[in-house]
Amino acid sequence: MRLRNKPWADDYMREHDHIVVQEPFEMLGKWSELFKNPKAPLHLEIGSGKGQFIAGMGKQHNEINFVGIELVKSVIVGALKKVLDADVDNVRLVNEDAQDLRELFGENEIDHLYLNFSDPWPKNRHEKRRLTYHTFLDQYEKVLVPGGEITLKTDNKGLFEYSLVSFSQYGMILEDVSVDLHAEEDPLNVPTEYEEKFSAKGQPIYRCRARFK
Ligand code: SAM
């Protein structure tokens, strides 16, 4: 039986409802209240996967509050385990679809957004599903503070180039672009699971940071 069908995943998330937020739509505009330091900046990761990035960032930055959204239940339980193992109290997880971002977060509620190794959806007919398609950028702009930023990392050159164009066409400012992040040896970079996997195969990791005007 696949993990997706295992009923314990729901129980496991409910048991840890201080980390996996059970009624996330009720938190719209109030996410900061969930944290010990409600005045800290709030950073959001979309598609957190098995959680290595968000757990690692939580540990590295106890001055920031983090929320990670992950659509797939069988995957988010891995993220929950990582957050528990990291023993951090500044990370919350949400098992929802980022399509509903505007129903989850209020205007100007987020200070920074991370898109890590998002699904590339390479076929033209699937362009609208890419998390850097302009309809997503519309949503990000609303939930982010004025001048808010997106950091994107990927191994996928096609998605990277597409996203650079999409950000630029939207009128965003590209603050930082790397076409081989690991060659730069950024000591603050927290690698994701996919990042480690693709980097081990010798693939360059792309990263950019873009700011809304
Ligand atoms: N960020 C992780 C990493 O770098 O290791 C996982 C990358 S994986 C390729 C993409 C993840 O995004 C998957 O776990 C997928 O379920 C999640 N995802 C895709 N679309 C999503 C959406 N609309 N809302 C929330 N999560 C989504």
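Glycine is no exception: its Cβ is also placed from the backbone N, Cα and C atoms.
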Ask   = GLU33, GLU45, GLU141, GLU149: which one does TrEMBL list with GLU70, ASP97, ASP119 for the S-adenosyl-L-methionine site?
value = GLU45
Message = Any of the binding-site residues GLU45, LYS123, ASP155 with a C-beta atom under 6 A from ligand 1? Give them in order, or none.
response = none
Query = Say you check the Cα of GLU45 (S-adenosyl-L-methionine binding site) against those of the binding-site residues LYS123, ASP155, THR192, GLU193, TYR194; which is nearest?
reply = THR192
Query = Just checking, which of GLU70, ASP119, ASP155, GLU195 (binding-site residues) has the fewest C-beta atoms within 10 Å of its C-beta?
reply = ASP119
Request  = Determine, to the nearest whole angstrom, how far the Cα atom of GLU195 (substrate binding site) is from the Cα atom of GLU70 (S-adenosyl-L-methionine binding site).
outcome  = 17
Ask   = Measuring Cα to Cα, how many angstrom lie between GLU70 (S-adenosyl-L-methionine binding site) and LYS123 (substrate binding site)?
value = 23
